[in-house]
Each structure stands twice: as structure tokens, then as C-alpha cells.
Amino acid sequence: MTRTAPSSLRSLPAEGAAATDLLDTLQRGLAELDAQGLRRVRRTADTACDAHMRVDGRDIVGFASNDYLGLAAHPALVAAFAEGARRYGSGSGGSHLLGGHSRAHATLEDELAGFAGGFSDAPRALYFSTGYMANLAAMTALTGKHATIFSDALNHASLIDGIRLSRANVQVYPHADMAALAALLDASDAETKLIVSDTVFSMDGDIAPLAELVALAERHGAWLVVDDAHGFGVLGPQGRGALAAAALRSPNLIYVGTLGKAAGVAGAFVIAHETVIEWMIQRARSYIFTTAAPPAVAHAVSASLKVIAGDEGDARRAHLAALIERTRALLRMTRWQPVDSHTAVQPLVIGSNDATLAAMRSLDAHGLWVPAIRPPTVPAGTSRLRVSLSAAHSFDDLARLEAALIEASEGQTRRDAEQPPRSLRSLPPEGAAASLGAARRETAA
């Protein structure tokens, strides 16, 4: 009996042709990224995450990580990680619903709810392996075709991807524009309304108007989901986060936090009313269909919470606050445009990709790792250096950064002076000479 190939396969090109076509397409795409100065390159750390590291075989001062409290190499966390591995082994062995949920995970969830759940009368926490997975869960499990999501234009990519997967209607409001958001809410008759916002925006460092967001959510019967990835551990009393810093409480709140930044370990969590969390356990695909994080990680996070909430955490936050104010001042000494940020994220907007990469390379030559952030992470024309501060930094580190930034800024000024005006660069040589002569005559007159 002769079998006929499925119709979906009959139109495929000859063997190997499809693979070759794909490789050609990808190679052209990579070449375009190179031409635009947009290819990203990984650097390899040879030592623990800290202010002073060895990266790609060189000693550097790092201003790239999100280790805001300098806990990633803290002896107490390292010891707790080792203890957790001895007690629970190296892996969880399964998903949370199929054998992988350990006592370490359960204990951590209780601790997180008590630590950062003060905004709710009945808080419960759910631990995830990554912040990306936590945001996907919040967006997809709690919405659907019946819902409308109102999303800040500068929300993190993980929120945006979760929104796309949710199948909900989407309304994007201009960044932090509460009047625009109010108008969208007024016009909506959706059965379920979900307002979604970062607290600290990761590329600008500014903080969302949280009190106004809560008020709008309550006025319109909406839920408010806040992603406090860059605020948890740093903002508020004892580092309890952005909601605690603003003294906000509401039954309409859902709080997402991450544990690989200020907490110095890994993972993320969602805190909400216990009914919301129980529903997420039943319906959040990014929670259900993945192996649970190693219990040793959760055990180390429990140790981190003790440091964050204690006197040492207060001292680290105070030092970080002083570093932030000093950095704000030194960034204003360059030719570029600092963003008005009062958080550990201190961006310096340069503009073009080429100029931003040149500044990054200039700093790198001085042993300073300050990453260049380019599209699509930020809008075209706003490429920037992102100075990320840690309590592990010293004021001597900032003095080195200041000197190197001033040199990079002056170098850009010299390069600009050496180039002809933009209007002349595309002219042929004879036209350029004639136009330049005319310009000189006009100036002399």
C-alpha cells in the first residue's frame, strides 16, 4: 500500500534547502544588527557577582548587575545555599504539583507573604523560578478574552509577553500618564479590568505614581498588578518594597517581586489575596508546567530576607542612598543627558548607538563595566549607558567612574568637532567645498 505524505510536507523544498534558507536569513539579520550597532555580546564573569570582579580575564569594577544590596556573594547566603543543598539535594526533581514542592519552598512563601504582603488583609505568596515566569502567570491566569489590560507604555518585556499571551484586550497608556489611563478606564465596559505597571522602571529608574494607580483601580473596580523587581529589598521600611514605601493598602492589589536582584539569589514571587494565589496554582501554566527551582535556592532566599530586614540591610540601604545622590551629581558633569532617577538605576542618555558604544568602550578601557542599552530595549535615538549601583560600591569606585565619564564625554566632543556638519557629509567633494566656502563668507559677513 502506497502512503501519501501529508499535504503540509509536500510543499517543502528539497532536503537541506529549508535549513540553508533559514541560515541565510539569520546571517543577514545578524549582519544588519552589526551594521546598526545593535548586536548584543555576552561577557563572562570569572568570579562571584560583586562590585569588584574578574570578567573575561580582566579585573573590573562592575556597574552592570542588579545586585543592589551587594548580597550575591554574602557569606550568610552562600552558607545557607550550601546548607540547603546538603539538606535537600541539588534539584527538586519535579514540578511543584508533582513532587517538587519542598519544605524550603513552603517556608519561603510564608516568609514572603509576611514580609511584603502588608498591603493585603489575607496575603499569600507563590514562588516562581524566574521573574519572567511570575509575570507570565499573573497576566495569563487572571485574564482572558473577557478582560481588558491597561498597560504602561514602558512596562518590562516579561509583562508585555504575558499580556500578548493572555488573549485579553489591551490598552496601552503613555508612560505614567494618569489622565490618559483614567480616560481609558472611563471608556471601558470590560468584565475584568487589570492595570499593569512596573514600580521602578528598569531603563529610566523612575517610580510609577503608585498612589494614583491604586486610587484609579479602586474607583473603577479594577485590579492593579505591580512589578516591583527593582524596588523589593531596596525601597520602603526594612526593604519591604515600593508599596510599603508609599504606605499603600488595597484589596485590589497583586504584587510581583524578584529575588535575583536586591535579594541576591534567584527566583520571584506573586503576593495577593489567598483566593487569587490558589487560582494561580490551578491555572498558571508557567507555574504548573515547569520543574520547581532547587530547594537550596529557596533556603538561601530565606537567609537573604533576614539580612534585608535587619540592621545590616538598613545600613546597606543607607549607603546605597548616598551612592545614588553622588552619582546623580557626577552624571550631570558630562555632556550627555542623565535621567532624573532617585533609584539605583542611573541612566545616562547619549542618543546614537555608535556614540553609546564608543562611550562604553572608553569606560571599559579604564576597567569599568557600564553596559550600553540600545533598541529595542529602549526607543531609537535614546541609547544610553545604564549605571547600576550596589551597596558593595565605594565612593572611590564612583570617583573612578566620574573621571572616566568626563574623559569619555570630552572624547565625544572632540570627535564631533572633527566631523563636518551633517548637512555637508553627503555632498560630493566639490559641492562640499563650495558650500563650506559659502558658509564661511556668510559668517564673515
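Each residue, glycine too, has its Cβ placed from N, Cα and C.
Features reported for this protein in Swiss-Prot:
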- Arg40, His156, Thr377: substrate binding site (BINDING)
- Gly131, Tyr132, Ser202, His230, Thr258: pyridoxal 5'-phosphate binding site (BINDING)
- Lys261: N6-(pyridoxal phosphate)lysine (MOD_RES)
- 408-445: region 'Disordered' (REGION)
C-beta crowding around the residue listed as 'N6-(pyridoxal phosphate)lysine', within 10 angstroms: 28
Site with most surrounding Cβ atoms, counting all protein chains shown within 10 Å, from the binding-site residues Arg40, His156, His230: His230
Other CB atoms within 10 A, centred on Gly131 (pyridoxal 5'-phosphate binding site): 23
Residue among recorded positions Arg40, His156, Lys261, Thr377 with Cα closest to the Cα of Ser202 (pyridoxal 5'-phosphate binding site): His156
Extra residues within 8 Å (Cβ to Cβ centroid of Gly131, Tyr132, Ser202, His230, Thr258), pyridoxal 5'-phosphate: Asn66, Asn135, His156, Ser158, Asp227, Ala229, Gly260, Lys261, Ala268
Whole-number Å value for how far Tyr132 (pyridoxal 5'-phosphate binding site) lies from Thr377 (substrate binding site) (Cα to Cα): 16
Mapped DSSP class for Ser202 (pyridoxal 5'-phosphate binding site), helix or strand or coil: coil
Alpha-carbon distance [His156 (substrate binding site); Tyr132 (pyridoxal 5'-phosphate binding site)] in Å: 9
In three-state DSSP terms, the structure that Thr258 (pyridoxal 5'-phosphate binding site) belongs to: strand
Distance from His230 (pyridoxal 5'-phosphate binding site) back to His156 (substrate binding site), taken between C-alpha atoms, in Å: 11
